[in-house]
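Annotated features in TrEMBL:
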| type | residues | note |
| --- | --- | --- |
| TRANSMEM | 54-76 | transmembrane segment |
| TRANSMEM | 105-125 | transmembrane segment |
| TRANSMEM | 131-150 | transmembrane segment |
| TRANSMEM | 196-217 | transmembrane segment |
| TRANSMEM | 224-242 | transmembrane segment |
| TRANSMEM | 262-281 | transmembrane segment |
| TRANSMEM | 293-313 | transmembrane segment |
| TRANSMEM | 325-345 | transmembrane segment |
Amino acid sequence: MELPASNASCENGSLISLYCSSQQVLCRIVGDLSPEVPSSAISNNWQERFRQNYSVYVGLGLALLSSFLIGTSVILKKKGLQRLVASGATRAVDGGYGYLKDTMWWAGFLTMAAGEIANFGAYAFAPATVVTPLGALSILISAILSSYFLGESLNLLGKLGCAVCVAGSTVMVIHAPEEEKITTVMEMAAKMKDTGYIVFAVLLLVSCLILIFIIAPRYGQRNILIYIVICSVIGTFSVSAVKGLGITIKNLFQGLPVVRHPLPYILSLVLALSLSTQVNFLNKALDIFNTSLVFPIYYVFFTSLVVTSSIVLFKEWYSMSAVDIAGTLSGFVTIILGVFMLHAFKDLDISHTSLPHMHKNPTPAPAPEPSIIRLEDKNVLVDSIELSSTLSPKKKPEVFIIHS
C-alpha cells in the first residue's frame, strides 16, 4: 500500500489516494483520526499486561499450593498402605490392589490430584525450571508431617536440611530464566518436532521400557532407585504434556481453532498414561521403602530430568546471563544438599542440647589433701593392718581340696 506525499494531509475533507497492487482508491477524511478503541482491544491489553506483570507470581502461588497438597498426599497414601498391610491383604509390591478399597488412600489420591491440578496451572503461568524445583517444599512438608503422623523423627540436621531447601528454592526463583514465548499449539508442535527433543524423548522411552520389563522384576524390591527412576522418567513426559495442554487451554479461550489440531489429544493420552504409571510404581516404592527416603530421591531425579527436558524443548536457558545460570545451578545444588541433610542423617539422635558448646564444663572436685603419717601414729597404722587382715566373722574360711 502506498500513500502519495502530496496527499499526506490528515485534515477533515482532505483526499488521500491509496494504492494496493494495481488498484487505486480515493478516500476523503470526514472526521478526526481518533476513533474509539474497541472494548475487545482493551480486554486484550489488560490480559497482556496481567500476563507480563503477574503471571509469574500466579505460577509461583500455584506451585506453593501444589507442594503443600502433594506433601500431604504422600502421608495419607502411606497411612492407607500401612492399614492395608495390617489387615493382611496383598501388598501393592506383590501386585495387590487392595488399597483401592481404602478411604485413607483415596483421600491421599484426591489430595495429590488437587496438587497436580495446581501444578498444571503453575506450568501454564511460569517456566518449568522454576515450578519443578519448588517441589522441594513438598519434601519439607512431608518430612514435618511424617514426624507427627508416621512416627518418623526429625532431628536437628533434618530441620537444617529443610531450611537449606527453602534457601535453595528462593535462589532459583530469583535467578529464574525467562521462558521462550510459545503462545500457540502450532508453535508447541514445532518445538516437539525438533530433532534434539525427538532423540532425547526416544532415549528416555527406551530406558524406561528396559527398567520396567527387565530390571524392575529382578531388582525392584531390593534397590530403591529402580522404581524411583521409572517414576522420574515418566514424569518428564507428563510435564511436557501439562505444558502443552496449558497452552491449548489458553488458545481455546482466545478463540483459536485448537480442537482441530491433533496435538492436544496426543498430549492428553500421554498425560493419562504417564500419571497412571507414576502412581503404580510410586505405590510400590512407598510400600517397600521408607517415605523419608523415597520422596527426596524421587525429587532429585525428577527435577534433574525435567530441567534437562526444559533445556532441550523450551530453550529456557538460552536468554540467561552467566550470573543467572550460575545462580540457578547453585540453587539447585543447594536444594540437593538440603535433601541429603534431611534424610542421610535421619537416624542420628542429634538435637541442640547434644551440641558440644551446649554443655557446661563441670567444676572439678577439689583434690584430696595428702595424708601425712607421723611417727607417733605408727601404733594406729599397725592396728589398722591387723584389723584388715583379720577374717570377718561372717566370712567363712575357704577350703581347697586337691585330688591326685
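Along the chain as shown, residues are numbered 1 onward.
Note: Cβ is positioned from N, Cα and C throughout, glycine not excepted.
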Of 54-76, 224-242, 262-281, 325-345, whichever stretch has the most CB pairs under 8 A to the transmembrane segment (105-125): 54-76
Top Cβ-contact partner of the transmembrane segment (131-150) among 54-76, 224-242, 262-281, 293-313, 325-345 (pairs under 8 Å): 54-76
Remote residues contacting the transmembrane segment (262-281) - C-beta distance under 8 A, at least 6 residues beyond either end: 109, 116, 185, 188-189, 192, 216, 227, 230-231, 234-235, 237-238, 240-242, 244-245, 248
